[in-house]
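Some notes on the structure that comes next.
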Amino acid sequence: MSEADARPSNFIRQIIDKDLADGKHTSVHTRFPPEPNGYLHIGHAKSICLNFGIAQDYQGKCNLRFDDTNPEKEDIEYVESIKNDVSWLGFEWDDEICYSSNYFDKLYEYAVELINKGLAYVDELSPEQIREYRGTLTAPGKPSPYRDRSAEENLALFEKMRDGGFEEGKACLRAKIDMASSFMVMRDPVLYRVRFASHHQTGDKWCIYPMYDFTHCISDALEGITHSICTLEFMDNRRLYDWVLDNITIDCRPHQYEFSRLNLEYTVMSKRKLNQLVTEKLVNGWDDPRMPTISGLRRRGFTPASIREFCKRIGVTKQENMIEFSSLESCIRDDLNENAPRAMAVLDPVKLVIENFPAGEVENLTVANHPNKPEMGEREVPFSREIWIEREDFREEANKKYKRLVLGSEVRLRGAYVIKAERVEKDDEGNITTIFCTYDSETLGVNPADGRKVRGVIHWVSADKGVPAEIRLYDRLFTVPNPAAADDFASTINPESLTVMNGFVEPSLVEAEAEKGYQFERMGYFCADSKDSSKEHLVFNRTVGLRDTWAKIEAK
């Protein structure tokens, strides 16, 4: 199979293949242009993987460009966060980072060119009046009384705007296109507005700022972008994209292509809704592991490879659809099953005493870090007379389907011996406080010599050497597949999206790296929290369970 055959195919790549074959372009140049007014989420990851992935596969270039034309909502904090997210996902931008603000002087010149051609005018209608004059989807708009000013007058007024001679909302520059167009975006859209706001790149040089639709296409052309790829909500904007480039003097002529945005079940992607979750403290910040932000997914334990694989699996189409959350979970589960070292942790502990094991003695057992990858090495796990096991792994009575520890029966401890439950001790309320067992000292790594069958295998942690840990069990943030469709999306938040437990982990996990994935035997995949975990207070986040438990719930 050739390298080209191995690439994922989609309609955008087919367009690129044809453009190259026809000689329309000799190379491919894409861009990822986020606005630095928030944190990137999994939907942005799809665009990142698409644009940077195309550049990689076609030996082309991809620019990271910040669409920084709205200084009131933007911050250098978001610039740094976005750079970190793109880099963490495994991509490198071409040359230096680009900013739309780098082109403010050129954009101003192109606006002047449109004015000179009679294709732009300064409007002094209020924002409310502009909306009123624009009309509706079923009724045409009506022209502004300022629409037919001369080029000379418009140039003077535009210069006055630039020099701070108008208050905010008192004047704007509009394109002169068609107030009766069936496309609202073509009804004399605003190109520049007055904003007395300091900019994180240009400081106080400007008090007028260009709109996205005017900036975007010109930035693409100035950077030599061959394929400008965006989501479907910008389909109508392509008409304005083309109109601007058709009416200014510029060499490069990029074209815009649209694909469907990512809609993921049990989450929201709207920046406004995500911001509401944070500001109303419904979650613990933008990097809360329940959030769909890249920083949140990273803190939860998702790997760059798993997110790239997810974006590859869902593909690129023009069809709007809702992707199952289990598809994302499947990608990280596959990744960690293959690559995560194993460890033992007890989340809901009950004490177990092995009465015939020497008191005060600790035996260091050698356990493989991965059952199928000997190259991942081994570790020592301390074994002692008193250990912790999961409360759910013991019953006084059980049917034959229960393959764990039952009073009077045997079970194997993972990586250790076969034990038999002899008796229990309870508190005044009837809760089991201690399980007393005996062990077969001849069963380390081998089956019982007499051939007797053992019911199953359970995990454990030494009570003497185990380390206390806070365990955070994360689940889906919402209880319904499409919370954005609810009248009050916040009312659909899952009250069990976070459960905190206090358990014990094997001592090797004291050295666990933040965000590095581990499979806690029989419990799921976890990582040390990057913000709250320390050697003095271990905190582990559940990334995903061993199996898709929601599939069973939804099937009922």
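Glycine too: its Cβ is placed from the backbone N, Cα and C atoms.
Keep in mind it's a predicted model, so treat the numbers as computed, not measured.
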- What range among 18-22, 268-272, 308-312 does Swiss-Prot record as motif ''KMSKS' region'? 268-272
- Note on the structure: Between the ranges 34-44, 375-385, 441-451, Swiss-Prot assigns motif ''HIGH' region' to 34-44
- Pick the one among the binding-site residues Asn37, Thr231, Ser270 whose Cβ has the fewest other Cβ atoms within 10 Å in this structure. Ser270
- Item | Helix, strand or coil at Tyr212 (L-glutamine binding site) [DSSP, three-state] | helix
- About how far apart, in whole Å, are the alpha carbons (Cα) of Leu262 (ATP binding site) and Tyr212 (L-glutamine binding site)? 22
- Message: What does the DSSP secondary structure composition of the motif ''KMSKS' region' (268-272) look like, as residue counts for helix, strand and coil?
- Response: 2 helix, 0 strand, 3 coil
- Averaged across the motif ''HIGH' region' (34-44), what pLDDT does the model get? Just tell me the whole number, please. 96
- Task: On the DSSP side of things, how many residues of the motif ''HIGH' region' (34-44) fall into helix, strand and coil, could you say?
- Result: 3 helix, 1 strand, 7 coil
